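Structure, as structure tokens:
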Amino acid sequence: MGLNKSRMAKLTPWYFLTIPLIIYFLWVIGPMFYTFYLSMTNWDGLSDPQFIGLKNYTKLFRDPVFFVSLKNNLIWVFSFITIPVVIGLALAMILNQSVPGSRFFKASFYSPMVLSLVVCGLVWSWLYNPAQGLLNTFFRSVGLESLAKGWLSDPDLVLGSIIAVAIWRQVGYVMILFLAGLQSVDPFLVEASKIDGCSGWKTFIHVVLPQLQPVTIVVVVISIIDSLRAFDLVSVMTRGGPFNRSSVLANFMYIVSFNNYKMGYGAAVAVILFLISFVFIMMYLSQISKEENY
Amino acid sequence: MKELSLPLKILIFLLLCIGVFLWLLPLGVAVITSFRTNDDLLMRGFLSLPKELSFRNYGAAWTRGNLNKFLPNSFIITIPSLTFTLFLSSLSAYALSKFRFRGRTIILSVFVGGMMLPFQILLLPVFKLSETIGIYDTYWALIAIHTAFQMGFCTFVLRNYMVTIPDSVTEAARIDGASEFRIYWNIMLPLVIPAMAAIATLEFTWIFNDYIWPLILVRTDRLMPVTAGLAILQGQYIMDWTVIISGALIGTIPTIFVFLFLQKYFIRGLTMGSNK
């Protein structure tokens, strides 16, 4: 009886885990590994994949579009871990005070997050429309003709124009995370530093910011992962054009695989994207396990 | 900074007002555009006062643009995905929070790591898998991947929430002789409803707003959810921005609705995943 009971106890968690794990492995974990295999094949999506070793990768490292996409992804990452983080933190600090209407302000700043990226892309394509869009109409009407540009057709502006939309949507999210983080800042320490005569800025740098470190790491990792995943905006606004100047890896991978039917090649792009993300996923996991040890 | 001087307070307030105005301007512009006619815009320019306002664009997007088909599709895909993923995650979260067994940490890490994967690493095999098991080009292909993929995040959040519930609650029921499933169903589930509500609102918007999976797993336009449907609309009405923007706004109504009425849960869900 006792033996039976302890064996039962050992089996119990698996009784709950089996079905979720089977589904998770079939649709997430298994596919992840299968993409590694596919990246070493020649596959058109219909016939069986043929193993060709590392040929896709050697080809990839000679493909200029791959490098443009990679560079654009890195620009995206850099923009995401700076601009929204600074604006989001500033907004969080301000709205954490007793400002009248702070609830309304919070809700307004994070409202773009509720919209799908497709909708954001469509709405902003309209604002950017060279002939009738609000942006150029505004510049022309105030006599700044020269600032009216082809925001999505100018190869030098297109990437920045798209990233601006992504930032617009991201700021509210970062703000919310920092607002949550600020809840755990010890008010006594803040008070103490004020009594010691620290200015608001000094208190912020030496007392508040260090305590926000865990949430900052989370924000940065999430921002990096999000910017590597970027696909929807590019797909809706430019499809990577003009001349691939707004292409990112996710978009490149999609076009190679599903428009050109070079799925093995697309898988290789996906693997590279995964490997870059993996570094940051690991950082996140180690951060979490550190918190777990408290 | 609690004792801000009054002028500074007013200055901050005014700056915030300007900030919010600029932040919401794109949405305001979209709403105005959606009520104008294309001719009116073309001839008189955006900054003019519109001669007439009408719902005609909404009508065009709804019927000729097929949003009357795309919008229900989004619900047909989102609601089951949400239900399945919450149910399955609550099972795994229960196992991971209330039992000590070998492999527990690894399984948790796999769920957490999986929620951060770039989708691109899954696209091709999931496309192939869906074809192989015969669900390609059906709602089920989308329901399956959403259910599976979202399980990572939901398991992580629910598990973190369940850890905070004292073991004595489940122990007491166990001593009374309740079966393991009854303990999970009758005791644990009711206790995690707040966390469920929070992630449900968040997951609703995520699944509803997804765009890449319908592109990969569905070929028939008739089955597309509203996101992919809008991309089709964009192709059809390439010059008629008023109709495209009206369609975009229609596609936004459900998530705006969720956000406005369940704002409290929505925010809680957002921060639950990152800041326990």
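Positions of Cβ are set from backbone N, Cα and C atoms, glycine also.
Under the heading domain 'ABC transmembrane type-1', TrEMBL lists A:70-284.
Non-local neighbours of the transmembrane segment (A:12-37) in the same chain are 49, 267, 270-271, 274; each lies 6+ residues outside the stretch with a CB under 8 Å from one of its CB atoms. Under the heading transmembrane segment, TrEMBL lists A:12-37 (among others).
Within its own chain, the transmembrane segment (A:74-95) has Cβ neighbours under 8 Å at 102, 105-106, 109, 159, 163, 166-167, 170-179, 181-182, 204, 208, 212, 216, 219-220, 223-224, 226-228, 230, 248, counting only residues six or more beyond its boundaries. Taken from TrEMBL, the feature transmembrane segment covers A:74-95 (among others).
Look at TrEMBL and you will find A:107-127 (among others) tagged as transmembrane segment.
Summarising the annotation, TrEMBL assigns transmembrane segment to A:157-182 (among others).
Among the features that TrEMBL reports, transmembrane segment is placed at A:203-225 (among others). Long-range contacts of the transmembrane segment (A:203-225) within the same chain: residues 77, 80-81, 84-85, 88-89, 93, 170, 174, 177-178, 180-182, 184-186, 189-190, 193-194, 277, 280-281, 283-284, 287, 291, each at least 6 residues beyond the stretch ends and with a Cβ under 8 Å from a Cβ of the stretch.
According to TrEMBL, the feature transmembrane segment maps to A:263-285 (among others).
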